[in-house]
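Q: Annotations for this protein, taken from Swiss-Prot, read as follows:
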| type | residues | note |
| --- | --- | --- |
| TRANSMEM | 20-40 | transmembrane segment |
| TRANSMEM | 51-71 | transmembrane segment |
| TRANSMEM | 137-157 | transmembrane segment |
| TRANSMEM | 165-185 | transmembrane segment |
| TRANSMEM | 244-264 | transmembrane segment |
| TRANSMEM | 275-295 | transmembrane segment |
| TRANSMEM | 304-324 | transmembrane segment |
| TRANSMEM | 328-348 | transmembrane segment |
Amino acid sequence: MVSMEESSVFDYIRENRRTIVLSFLAVAVVIFLIGFFAGFGDILRALEGTSPYFLALNFVLEAIILILWTLRWRLILNVVDDAPSFPRLMMLLFTSIFGNNITPGAAGGEPLRAYLLREVEGTPFEIGFASSTADRVFEFIPFALISILSAVLIMTWEISIWTRIVVSVLILVTIAGFSLAVYAGMNKKIAQRIALSVTRRLVSWFSRFREGGISFAGIHEKVIFYINRFNDGFSTAITDRRVFVIGFFISLGMWALDVCRLYVCFLAVGVSPPAVPLIIIYTVGILISLLPILPGSLGLREGILVGLFAVAGIGADYVMAASVVDRIASYIAPTLIGLIAAIYYGKQMTS
């Protein structure tokens, strides 16, 4: 059995290229269906009137968000290890965004960050993974506040009681799930128990396909060692008061800018959405992006936005046009930059 630390994440992407290709084919079908019902002609007409000023502002806001993201990760890395220079760290972040955006449920980004830190900077894998995981925790804290606000605001929205209940429950369940994950990450005994349980099952499963089987006793101590290193790094980053306060406000600023950016995307196509529905729908869109179904939740998020903004009185053609403006800056551009960075690091490590 080969661990993520010992194998290339690029190899993982290569080995799973069929699944990735099929996922993007599914994305194409979903987007085609949404576009068909919204009206391709109407969407194109909405896009033809796109304001270049707001389009440029969309890219500026996304660039600021990415800079803040790099600053937050660097802040955490400097607590658990020595962080590389800002430009190098930002390129590593772009590479991880590429991994996130081509794998369903954004499953490839955090291991890819840890892997590249080890290969390029010599940072131990478990420390790099702890830093990228802690980085996601800081992202979750303001999201939890926005989600609670959305759960309250949705009660004032003129929609069916069942829609209010479903969205509110979805928000609260997500908050509870993340809270449990953070608690498990900071509690060494629970983290060890979960890791050993998962490892034992994996060893049992792989033993069926390997002659002579695999000894669990042989990797037990190694699992404990890595979990302890991960737990120490994760806890250090989360419990450092200075890092926590600065990281929290950076994350809050990132979320505020992202909500503003979505608003700007609608302004770009000539629509001004009401503030309360925008915050609620933005939160639901983030929740949908967590589902490990399609890469980048392409199509799924658009479908949800079309349905929810219809309640706010905004037509599907304008919602889809705003989504295109949004995806150009938040998905296509970072993914292409990340692809170039991934190719660069791949060649560097090969040579």
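One-based numbering along the chain as shown.
Backbone N, Cα and C define each Cβ position, glycine as well.
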Q: Before we move on, state whether the transmembrane segment (328-348) and the transmembrane segment (137-157) share at least 3 Cβ pairs under 8 Å, counting only pairs 6 or more apart in sequence.
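A: Contact between the transmembrane segment (137-157) and the transmembrane segment (328-348): absent, because fewer than 3 Cβ pairs are under 8 Å.
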Q: Residue list, the transmembrane segment (51-71) vs rest of chain: Cβ under 8 Å, 6 or more residues beyond ends.
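A: The answer is 86, 89-90, 93-94, 135, 250, 253-254, 257-258, 260-261, 264-265, 267-270, 325-326, 328-330, 333-334.
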Q: Could you pull out which residues elsewhere in the chain have a CB under 8 Å from any CB of the transmembrane segment (244-264), counting only those six or more residues past its ends?
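A: For the transmembrane segment (244-264), the sequence-distant neighbours (Cβ-Cβ under 8 Å, at least 6 residues beyond its ends) are 54, 57-58, 61-62, 64-65, 68-69, 71-72, 75-76, 138-139, 141-143, 145-146, 238, 273, 278-279, 282, 322, 326, 329-330.
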